[in-house]
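According to TrEMBL, the feature signal peptide maps to 1-18. Taken from TrEMBL, the feature N-linked glycosylation site applies to Asn62.
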Amino acid sequence: MTRTGWFLLLTLVTMTSTFDPEQEDLVSDEEQRARNYLAYIDKEFSRRATDSVNASWAYASNITDENLAKKLEVSADNARYQKQQWTETIKFRWQSFRDDDLRRQFKKYSVLGTAALSEKKHEKVRWMMIMIITVTVTSPFGEIGKRDAIHLQQGQDLRLQDAQQV
């Protein structure tokens, strides 16, 4: 037998011995479970994103302690949910999925982001972001081109100090 013949024979033997129809079904079942899981969390993340945007808009358009508390509550709840779903997401063997789109989505959901922070650190980040928004939105602006165009009102300088201490 020639060298090419041996190569073809070994390739054929290797391919037939590694192909397992039951394993193929397991991968398909796993991918179907993954699709169902993604459909569920996509709906839930969409609902939570809407709640977050509504809370942010309520605070940005009417800066009150109640709206601030609601915004912080929604943000903390979303971080807890994201962390919980992340633990479920990483249980899937998504790196071996055949569907590129499915792998791409799982890759995105397998990165936690700011929700990976501890509760205390996450609260600091949220608080600093809110202080930046609050100071920016409530600051009066003077004439353009003047160096002292922005004047902080009484209380805003205190909020700035609070934000710097966090």
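Any Cβ shown, glycine's included, is placed from N, Cα and C.
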Count of other CB atoms lying within 10 Å of the CB belonging to the residue listed as 'N-linked glycosylation site': 9
Assigned element (helix, strand, coil) containing Asn62 (N-linked glycosylation site), judged by DSSP: coil
